[in-house]
Every structure is written in structure tokens, then in C-alpha cells.
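A.B. asks: The domain 'NADH-Ubiquinone oxidoreductase (complex I) chain 5 N-terminal' annotation in TrEMBL covers 62-110. Under the heading domain 'NADH:quinone oxidoreductase/Mrp antiporter transmembrane', TrEMBL lists 126-399. The feature domain 'MrpA C-terminal/MbhD' is assigned by TrEMBL to 602-665. According to TrEMBL, the domain 'MrpA C-terminal/MbhE' annotation covers 675-763. Feature annotation from TrEMBL assigns domain 'Na+/H+ antiporter MnhB subunit-related protein' to 781-899. According to TrEMBL, the feature transmembrane segment maps to 76-95, 161-183, 295-314, 320-344, 448-470, 490-515, 563-582, 597-613, 643-665, 808-827, 839-859, 879-902 (among others).
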Amino acid sequence: MILPIALAVLAITAAAAPAITARLGRNAGYPIAAIFLILALLIAAETGDLADGGSVSTAWDWMPTIGVSFRLHLDGLSFLFAMLVLGVGSLIMAYSPRYLKVNERHGRFYALLTLFAMSMLGLVLARDLVLLFIFWEATTLSSFLLIGGGGIKAVRPATRAFVVTVIGGLALLGAIVLISITAGTTNISEIMADPAVVSESPYAPAIAVLLLLAAFTKSAQLPFHFWLPDAMVAITPVSAYLHAATLVKGGIYLLMRFSPLFSDSGMWRVTLMTVGLTTAIVGALFALKQHDLKALLAYSTVSQLGFLIALVGAGTPAALAAAALHTFAHALFKATLFMLVGIIDREAGSRDVRELGGLRRVMPITATLTGLAAMSMAGIPPFIGFVSKEEAFSALLDTPGPAWAGWVAALAAVAAAGLTFAYGFRIFYGAFAGPTTQRRLYEPSKAFLTPAAIPAALGLILGLTVGVLTPMVNRTVQDTVMTETDASLSLWHGFSAPLALSATTFAMGLLLFFYRYPVDRLLHRHRLPITGAGAFDSIYDACLRLGAWVGRPARASSIGAHLGWPIAGLLALGIVGLLRWPDVAAEPVSRSRPEDWAVVAILALAVLALCLTKTRLTAIVLLGVVGFMVGIWFLIAGAPDLALTQLLVEILTVVVAVLVLRHLPPVFQHVRRTRRTLAAIAAVTSGLVAGAATFLLTGRREQSPAAQYLMREAENDTGGRNVVNTVLVDFRALDTLGEVTVLAIAGLGLMSLLRYTAPPPTDLSNAGNVAPPDRLGNMVIFQFTARLLFPGTMAITVYLLLRGHYEPGGGFIAALVAAVGFAVLQLPGGPMQPPRIPALPLIRGGLALSVIVGVWGLVDGSFLRPLSGYLTIGNLDISMTSSLLFDVGILMIVLGMSLAAFERLGRGIVTEVGQTAPEPVLQGQGGDRR
């Protein structure tokens, strides 16, 4: 159970981070770092099972109808990445308190970084394709929010990163759909147990391309590399965690996990190795020309990721062992370097090597740690980076295929490694060598340096004792290729071809360093005609222009422009259906009654009068008549739930419409005859088609199988007798959650889009005012009656809420009743007006409660699954169900949205004699009333 517990603890920590930060300020990073470390140790305690060839798994049925489970699995591969997520995360959290500024709010930062850690941990532990995709997208979203936290300058880079990785997410979704269709399951263990089912299917080429696209976008491979350097606008802790150790390794993990599916494919191997080695060289060249240390590290990360992609592409056990070891080594030295660059930036106020120099004299410990990490990155013995590089050279020399393929791959890797050596020296020399240009600097505190010192020291210690990592690497390879392997890691393998290649790397790197000025001039002399970011921006802006052109009709202020195409489409579908004349029963199952025809007659007269009226108030009244008659028709037809909902919605619609009418002219504007004629034709045609379809398709069949099942099994499955309510909060609760989420967003949008202006006080005693001079005095009876009725309205609300599972009622209807009560109570205004209930907490709380109830359902196997029981009070047994809490959440959201509408649209009602409250104005209207 440690795996779901770890995810739950991280989720709770993310939720609690703002509260912890409010208490501890920036020092909140320390307890969060301790949580990360404890979770890492608890998961590491499972290594005994892994060493014995076992694994740790936890699974619950999630969506059993389609065979999807909430399945978590810890094997060698996921253990490696889980340790990086939690171990490096602990160091970054401990580093952040000293990096962040004192007098700023950091709750958002800690919450998002912890949420990202949870998403990344879930990604590497997921053993179901659907779950893997959800966590994959969660990392994309949380990283976007973290990058975008850098202010205005971060908007465009965050957008680039988000769009590119979302494209990869869509590709992954396509691959998952095809894999699940081909394999008949979403269980990754079952899929990998027989890779031939996927690799030999007709969908195999498409699956391979989609997986590659997903991995290349996530791990910043050519031509998608540009988003990673741009993302360096994020603060250093974000860059150190996301862009060195975790997020960008998501693509590496994906390829290692699914490499057995295509390991025998030559095209798979060639594509990965070509793209990987090309990215490694190009990224290193870009790194070598950078003067900003953080940008240098960003391009260095692009290069190192390409190196890893090439190793995964080679596909041999030795290559995968080298990839696993280098993934670990890269996380150590790159996280160290990012943290140290952040320290230099904080202390010296710059990251530009042209403005730095001689810092070793004033910051000797920082210089030492930077040297250790840079030497590990450059692959100098006895650091772990040297061992991983030699293992990589050895594996690439044995690349499957023609004899020359191994040497070509190895020489390309040598070129990338030589460039790495050169820019590794550039980092240290640029910041710490030469004369001291900034003398009033001091060594940062030990608390600031310690998180960077730990991985720097580990890079040296593990290089000397690299054999201790052999079991982890072997198990990682075993769980990747599903075969036994026996890699033997050692600092010294004797004189060999990989050692000669390492010597060549050193010579090349030193040569590039000594001739750095001519190399600099050469690199800056030749510029590409277009950059990746420039190409993205051009395509992105073109898409926005295309979208603006396509969506131009939807932005029109005319209702006809919005309704024209939908009406035309529906009419076309209806006419096609009528022409085909579907088989229908000769006689309707239920005949129309006299009261039905009476309702139809009143409806027809009201609609006709509505079309002819010229005043808005009359139109609202007639529209209310139509709505009430429809509600009565529902009641006649035996649908009391629908009738109640319809009648209450009509009442609230009239209230809101009256509020809006105060800002509109009393009479409709004049409409040209041509427009009226077209509208009449559309209305008559729509009515004829709808009437014919209703006549042909309504009341001519018995209950559908779904309706029969619900009528028969609703009480047994949910404990509720009101089938309508059980459908809403039990059988199709996810649909309802989506709908109330839309309502919540609408309420928040209403509150955001309407702002207030305070017009000057109005003198109600002027001669032109035809209203009675004492408006508030005229409302005393109304106010008194409203206060008298309000408690009864609230009692009815509670009654309808509690009975909804058994009789007509429920959260939605109860919310509408409560909204009517608040409308009657609040709208009169005046000094007797009660305090307003804030809408935003209601909306937030209702949505949170609904989601919590859904998560609670996981206890019994699936999201939003209703849990039932009995509460005994004395001799009274009261039936309780989690659906009731879900209904409460619905009530809070609907009521919150209604109160938001009353509050925003109701501004301007007279509050005291001679004054009006501010009126709502749409953004962009400059304060004028429209």
C-alpha cells in the first residue's frame, strides 16, 4: 500500500502547502522536503523485494466496464525514476527557502511543485495506459503553471512549452487507443508480456510514430527542442527540478517502458539513434555559444537527453544499462549545477559569464561544488559521469546492424561528449577563473549550499563505488527488456576502445576550450535563418489568425448569426429523417388528452403574442407564460421532477431578466422587414419539422431497455426510489459533475466579467421622475413579507434536498428553491436588506465537495461510486448515502451561481433615498451603461 499512500501524501501536502507557507513563510520548503525524503526512504525499503526479483503492485477496479484499473506497480525501472522524483525533489525543496525572497507569498509555488512531483511519481508508477496518460497530462499542466509563474515575460515561453507538450500528449493518447484496441487491454503488464501482439499488428507503424512524437516533445528532441531553453524564465528551483531531473525524463521513461514493443524494428532503432545523436551534437553546439549560465545548462540538458534517446534506441541490454546509469548521473550533476547557478545569480546578481569572474576567491565552496559537478558532466574520472559515459561508448560500439553502424554511433557520441567537456570547462572558467570582477560578495549560507553539495558529493562517491549501483541497473534493464542481464559496473575496465574514445573526448574538449575565442566567433558568425521558437511563433500566430477568421460569426452581436447555422443543420437532419420516413407504430402508445390540447392552445397563443409584442417587459411576461405552461405539461405527463425544475427556473429567469431589463431600453429596436420575414420562415420551418418529428417519434414505443433497467434496478443498486434523481447522482454522476463544473465556471465568469462603477448620486425628487418619490417606503410590506417567508423557504429547501433520493426533489431543485428565497429577500434592497452571502465560497466549496465525494467512491472501487449505510439514533435507523453529499455539492454550486447573478446584476437597486449602488458594466465599455 506504500504506492497509493505516497501519492495521497503528496496530494495532501500540495493542498496544505499554502497553509504551511502562511505559517512558515518561505521556510515551508523544509517540512515538505522532509516529507519527500521520508516517502523516498519508504519506497526504498521495498528494494528487498526488487532484489529478489519481485515487485510491488496495488490495483483497484476503476472503470470495470472498459477494463481500466487504478493500477500502480513498482519495478526496477519505475524505482529508478521514483528515486529521482523524490530524492531530487527533497533537495530542491530544501534549497528553495534560501533562494526565494522573504517578503513574498510562496504558497502557490510549493503547492504546484508538490503537485508536479505527485504527477511525475504517478506517471512512473502507473501500470495502466489510461492512468499513465492522466498523470502524463498532469505533469504538462503543472509544469505550465510553474513556468508561467515567472511573470509577464514567462507567458510566451510557458505557452510554447504547453502547446508542444500537449501535442505530444495527444500523440500519446492516440498511441494508447491503438495499443488498447490491438491488445484488448489497458494493463501494461499484460501488453508487455506479449509484445508481438502490438508489434505485428497493422497499427504498429502508427503506434511507433505516435510514441516517438510523445517522447520527443516531452524530452525536447529536435525539432521540438526550443521549448526547453525558453522555459528557463522559470525560477531556478523549477528549472533544477523539472528541466534537469524529472519532467524532461518523462520521454526517456516512456521509451524505456515501451521499447520491447519495437526493439526488433530497424526503423525504430535508426530513428531514435539518428534523432538522439543529432540532438546531442546540436544541443551541445548551442550550449557552447551561450553566455548565460542557465541557458547553457538548458541546451546542455537538450544534448544529454539526446544522448539518452540514442542509447534507448540502440536497444541492447548494455545500452539500456548505460541509459539507466546516465539518467541517474545526469540528475545528480545537472541538479547541482542548476542550484549553484541560482546561488551565483542570487549572490552576484548576474548569470552572464562576461560579467562574472574570479568568484573562486570570494565563494570558494561554491567554486568547489561547481567544479565537482562540471567534471562529472564532462565525464572526467573518477566521477560517475565518467563511468556512465564509458558504458555508453561501449554499448554504442555494439549497436546491432552493419559493422560500421556501431563506430558511426560511437564517433557521433564522442563529438557530443567532446563538446560537453568544452562547455563544462566554460561553466567553471567563466564564473570562477580570472580576475575577480565583483569583490563585495560572500559565500552563501550553509543551508543554501547543502542541497547542492549532496548530489555533487554523491557524483564523486558513487563514481568511486559505482559497483553498488549494479543491482539497481541490472533490475532496471531486466524490467525494460524482460530478460535477465548481468551488467558489471566498474570505474576501471582496463585499456579498451571505450577508454580510447574517452581520451579522444578529453583531447577534443581541451582543444575547444583552449581555442574558445575563435570557436566563439565561428559559432556566432553563422546563424540559422529561423529558430525553433521563431517557427513555433509563426505557426502559432497563423493558427490564431485562422481561428479568429473561422470564429468571426460566433463573435457577432446578432442572435441570428449565432442561431443560423445550428438551425440550418438541424433542419437538414430533420428533413433527411422525414424523407426516409422511419418505421413507426400505426398508433401512438399513449393518446393525447383534452388537457394536452388546452396547454398547446395556450402555448400557441403565448408564442404568437410573444412574436408580435414590441416591449421587453411584455416579452418577459409572455416568455414566463410559455415556461410555466411547459412546466404544467410536464406535470400532466407525470414528470414532477421536471415540472418543479421548469417552474423554478422560470421564476429565476424572470428575476434575472428583470435585473437585466433595467439596463436596456423598454422597447425593442426596429427590425427591417426582410429580417423579420427570414426569421418567420426559419421559425415556421423549424416548427413544422419539429412537429412532424415529434408526431412520428414520440409515444410510439414502449420503454427502452435502459429505462426498464433503471426502473427495475435503481432502488436495489442505489437505495433510491426516485429514478430521475438516481440517474443524476448515481448512474450518471460523472455527467452531472461535468455539468455543475460548467455551472461553476459560468458563475466565476459572471463574477469576473462584470465589474462595478459608482455613478453619481441620483436625485429622486426631480420633476421628470414618474416613480413614487419614496421607493423604499413602498417596499416595506414586500420586505416584511420576504423576511417572513424566508425561513419557510429554507425549510422547504432542506426538505427537498433530503427527500430527493426517494421522492421528487434533490440538490438542483432545492438550490432553485433557495435561490428564489434569496432573490425575494435580497432584491428589494434598502436598510432592512440582510448581509449578502458570498457566492464564491459556495461555488468553490460545492465543487470541492463533489470531487471529494467522487474520490471517496474509490474506496469501493470506482470514482463517484455511491456508498450507502445506516445511521442509528436510538431506535431510529436513518438511511445514509454519499449521493446525498454529492447533492449538497450540487446545491452549493447552483445556489452560488444564482447568488452571483443576483449580486452582480442587482447592483443599482436603490439602497437608500437619493443613492444607487454601483451598476455592473462589461469589461471594455469604459464605464458607460449599455
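Glycine too: its Cβ is placed from the backbone N, Cα and C atoms.
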A.B. asks: Quick one: do the transmembrane segment (643-665) and the transmembrane segment (879-902) reach 3+ CB pairs under 8 Å, ignoring pairs fewer than 6 apart in sequence?
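C.D. replies: They do touch: at least three Cβ pairs between the two stretches lie under 8 Å.
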A.B. asks: Could you give the mean pLDDT over the domain 'Na+/H+ antiporter MnhB subunit-related protein' (781-899), rounded to a whole number?
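C.D. replies: Averaging the confidence scores along the domain 'Na+/H+ antiporter MnhB subunit-related protein' (781-899) gives 78.
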A.B. asks: How many of the residues that make up the domain 'MrpA C-terminal/MbhE' (675-763) does DSSP mark as helix, as strand and as coil?
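C.D. replies: Each residue of the domain 'MrpA C-terminal/MbhE' (675-763) counted once, the result is 67 helix, 4 strand, 18 coil.
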A.B. asks: Cβ under 8 Å, sequence separation of at least 6 from the ends of the transmembrane segment (76-95): give me the contacting residues as numbers and ranges.
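C.D. replies: For the transmembrane segment (76-95), the far contacts come to 6, 29-30, 32-34, 36-37, 39-40, 43-44, 46-47, 50, 110, 113, 117, 120-121, 124-125, 237, 240-241, 244-246, 249, 253, 256-257, 324, 327-328, 331, 335, 339, 342, 447-448, 450-452, 454-455, 472, 474-480.
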A.B. asks: Mind pulling out the one from 295-314, 597-613, 839-859, 879-902 with the most Cβ pairs under 8 angstroms to the transmembrane segment (320-344)?
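C.D. replies: Between the candidates 295-314, 597-613, 839-859, 879-902, the best contact partner of the transmembrane segment (320-344) is 295-314.
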A.B. asks: Within the same chain, where does the transmembrane segment (839-859) have neighbours whose Cβ lies under 8 angstroms from its own Cβ atoms, ignoring anything closer than 6 residues to its ends? I mean 6 or more beyond.
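C.D. replies: Distal contacts: 60, 62, 70, 733-734, 737, 740-741, 744, 747-748, 751, 865-867, 882-883, 885-886, 888-897, 899-900, 903.
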A.B. asks: What are the DSSP helix, strand and coil residue counts for the domain 'NADH-Ubiquinone oxidoreductase (complex I) chain 5 N-terminal' (62-110)?
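C.D. replies: Split by secondary structure, the domain 'NADH-Ubiquinone oxidoreductase (complex I) chain 5 N-terminal' (62-110) comes out as 31 helix, 9 strand, 9 coil.
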